[in-house]
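K.L.:
Okay, these came from TrEMBL:
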BINDING   193-200, 276-280, 338-341  GTP binding site
DOMAIN    359-372  domain 'SRP54-type proteins GTP-binding'
REGION    43-80  region 'Disordered'
TRANSMEM  6-26  transmembrane segment
Amino acid sequence: MTDISWIVIVLAVLVLVAVVVGVIALTSGARSRRGGALTLPPEEVSPFEADQPPAQGASAVLERDEPATPTLERPESVAGRMQRLRERLARSGALGQTLLSILSRGDLTESDWEEIEETLLLADVGMGPTTELMETLRTRTKVLGTTDPAAVREVLRSELLALVGPELDRTLHLDPAVGDDGLAHPATVLVVGVNGTGKTTTVGKLARLLVAEDRTVVLGAADTFRAAAADQLSTWGERVGVPVVRSEREGADPAAVAFDAVRTGRESAADVVVVDTAGRLQNKAGLMDELGKIKRVMSREAPVREVLLVLDATTGQNGMRQAQVFAEVVDVTGIVLTKLDGTAKGGIVVAVQRELGVPVKLVGLGEGPDDLAPFVPEDFVDALLS
Ligand SMILES: Nc1nc2c(ncn2[C@@H]2O[C@H](COP(=O)(O)OP(=O)(O)OP(=O)(O)O)[C@@H](O)[C@H]2O)c(=O)[nH]1
């Protein structure tokens, strides 16, 4: 063999070795990126039209945090966020401030009372509660017979508070229930609402709120309609070490995913399972039926303790009709009022509770991860008047 032949052979061997080393490096890199994610086989989802629960894992991928996740976030405590968010509530104070200034004029004329009525209606308090409040205010200011700001403020505060309903039970009922089999089941929460009201964000924030209370949580991404929703939820979960059960297939049966999420919660002895659903318009009968089915299927694994309807506070009265239809289909147990930061439409709290007979339990006050807080009527009214 010539020298040139030897050189060619040596070069060929070197290239081969480089290629083999490269392939090994790539494969091990991919494996470590997948980390602890448990990927279940992407089998076809059974449509389970007859409301039969699917075989567990038929549709869902359980995403776990890698065991050695470097830093998990510690969500803000409930007390801490309430303190911080009070200020945001105050930004929706136009209603209280305006009422206070009119009532302090003394000897109110009919045009003053019309101004009060207009202020209440513009803030979405609704016709019925507005009329009631006007009547009580007329009587009480007459009896009071003074324009002393502190006294007027006190009357207004107590009447607004009565309207908001301090006596309503706003607790999230999340204690694990005991099933017929005598075993503890996780408390399950179903989150519903029309498109874009903030459901996925609320589910993520709620997970953080629960983690801050040292509860163990599993999330279910049953919004299989919008692929990004499951990714969005996975990100929320990863940040606080909460597993997210999701479908690999866009358009998979949301009831199957919800079922898998609840079963995963049971098997891992989680305290709470929160299931996100796709946004839907109340006039789409098929989609509303689907919601009923999701709830029925979930409750085969564990009773659904809370059905939270997410309403966008800025849509005001438009949200009312939607809310009624949702309540008919799935027995809503609580309202989450999002985007209450910076809207002057805070009166919707009163209107929606009246129409549905369901309390506002949580309020969204910003886009930050911990901008969700329990709704406290006293704080709300004080913020309106601050
Ligand atoms: N300012 C503010 N924005 C919010 C709040 N809650 C949610 N958002 C924003 O509202 C937008 C919609 O939120 P999503 O959670 O994606 O809404 P969704 O209801 O899941 O949407 P669909 O799945 O399309 O129905 C996002 O930009 C959120 O950041 C809130 O309390 N305040």
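Glycine is treated like the rest: Cβ placed from N, Cα and C.
Because the structure is a prediction, the values reported are computed rather than measured.
Structural setting of the listed features?
P.N.:
If you draw a 10 Å sphere around the CB of Leu340 (GTP binding site), it holds 28 other CB atoms from the protein chains shown.
Confidence over the domain 'SRP54-type proteins GTP-binding' (359-372), given as mean pLDDT on the 0 to 100 scale, stands at 95.
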K.L.:
Mind running the binding-site residues Lys199, Thr277, Arg280 against ligand 1 and keeping the ones whose CB falls under 6 Å of it?
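P.N.:
Those binding-site residues that pass the cut-off, since their Cβ is under 6 Å from ligand 1, are Lys199.
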K.L.:
At 10 angstroms around each C-beta, which of the binding-site residues Gly193, Gly196 has the fewest other C-beta atoms nearby?
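P.N.:
Counting other Cβ atoms within 10 Å of each of the binding-site residues Gly193, Gly196 gives the minimum at Gly196.
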K.L.:
Hey, which of the binding-site residues Lys199, Arg280 is the loneliest by Cβ count within 10 Å?
P.N.:
Arg280
K.L.:
Within 10 Å of the Cβ of Thr277 (GTP binding site), how many other Cβ atoms can be counted across all chains shown?
P.N.:
30
K.L.:
Which of the three DSSP states, helix, strand or coil, fits Thr277 (GTP binding site)?
P.N.:
strand
K.L.:
Can you tell me how the residues of the domain 'SRP54-type proteins GTP-binding' (359-372) break down into helix, strand and coil by DSSP?
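P.N.:
Summed by class, the stretch gives 0 helix, 6 strand, 8 coil.
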